[in-house]
Amino acid sequence: MIILGLETSCDETSGAVLVDGEVRSNVVSSQLCHKGFGGVVPELASREHERLIVPITEAALAEANITKKDIDVIAATAGPGLIGAVMVGLSFAQSMAWALGVPFVAVNHVEAHMFSPFIDQETAGGGPIGPFISLTVSGGHTLLAIVREDLTYRIIGRTLDDAAGEAFDKTGKMLGLPYPAGPAIDRLAKEGDAGFHRFPRALTSQSQTSRSYRDNFDFSFSGLKTSVLTWLRSQKEEFIHEHRADIAASIQDAIVGVLVEKAVGAARRHNIGAIAVAGGVSANSELRRAMDAACRKHGIALFIPSATYSTDNAAMIATLAGLKLSRGLQPLCRYDTAPFASFSAAGN
């Protein structure tokens, strides 16, 4: 089966081709036009997707050495995401599927991230997956879910306010780091001391207001952002400049510490022997190191996607479509699919 996947949920335009479960191409174009604004501008993102969707699709097909006539299925992100951006890819994919007379599959962007650690592991052909704990962390989402072998899942924890990726970006911006600040914190923190200052870790065993959070797998990062801002305002500029790497390492340690404690705690509480970490924040080097150490300590298998598949990409869209189709879990044709902006709007 040859699947063309398309992804336009935020600021990456991506096209990928999956042939019998193998990724033959995964073309990604990251939009640089937002850098001067310090964040993604939705209208600019939509216009860039409109400009790029055709050449990206053509590049994905060319790299995979196939033509439009070879395509069996077309899959695209239907959300969550920036609604205008989602509509560009969704309407293009539906129109292309209709014109070619092939089935169209709508894919939930966050669900696709959940299964991205298993790309290239021969799972799209129907091999076993699950059960595992999924920790999905990005700029817009932070959630924990129990994923079963039949690909269904139950969300057991989610952020009550801000996502981990947003916490990285906003605190990095407070430090004067360039956009996107998350990767900049990761690089700078390598030169710093994570024990320099202890920032709060809400809803964890280390929280000052902790009662019993053993069975609470929700997240909260708004307090961390406020704490960092308040602390920085109390310091002299010279001090901040001198210790910027230490501050970055301390912020990163607080965010990563929460993510690791929650994910490992969920696996142990529910007696599940595997954790899959996904989403843009899964590219963070300290999260990978700390999660690996914690999983080794407790005998838990760890799955993290390669850097290529950590950020938004169309290979994960095509892979999840292939997984579901191989199990007969999703209708082949849904031309009436409407885009949705939030994860809850998808009925999850």
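Going from the start of the chain as shown, residues are counted 1 onward.
Placement of Cβ uses the backbone N, Cα and C atoms for every residue, glycine included.
Listed in Swiss-Prot:
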{"type": "BINDING", "residues": "HIS109, HIS113, ASP312", "note": "Fe cation binding site"}
{"type": "BINDING", "residues": "THR136, VAL137, SER138, GLY139, GLY140, ASP169, GLY182, ASP186, ASN284", "note": "substrate binding site"}
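This view paints the features noted in Swiss-Prot onto the structure.
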residue	record	DSSP class
HIS109	Fe cation binding site	helix
THR136	substrate binding site	strand
GLY182	substrate binding site	helix
ASN284	substrate binding site	coil
ASP312	Fe cation binding site	coil
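The number of other Cβ atoms within 10 Å of the Cβ belonging to ASP312 (Fe cation binding site), over all protein chains shown, comes to 27. The C-beta environment of GLY182 (substrate binding site), restricted to residues of the same chain at least 6 apart in sequence and closer than 8 Å, consists of GLY139, GLY165, PHE168, ASP169, GLY172, GLY280, VAL281, ASN284. Here the CA atom of THR136 (substrate binding site) lies 7 Å from the CA atom of HIS113 (Fe cation binding site).
Cα separation, HIS109 (Fe cation binding site) to SER138 (substrate binding site), rounded: 11 Å. Rounded to a whole value, the Cα-Cα separation of SER138 (substrate binding site) and ASP312 (Fe cation binding site) is 10 Å. The Cβ centroid of HIS109, HIS113, ASP312 marks the Fe cation site; residues of that chain outside this set whose Cβ lies within 8 Å of it are GLU7, SER9, THR77, GLY81, VAL110, ALA112, SER116, SER138, GLY279, ASN313, MET316, ILE317, given in sequence order.
Neighbour counts of Cβ atoms within 10 Å were compared for the binding-site residues HIS113, SER138, GLY140, ASN284, and the top value is held by HIS113. Residue annotation for substrate gives THR136, VAL137, SER138, GLY139, GLY140, ASP169, GLY182, ASP186, ASN284. The furthest Cα pair among them is separated by 18 Å.
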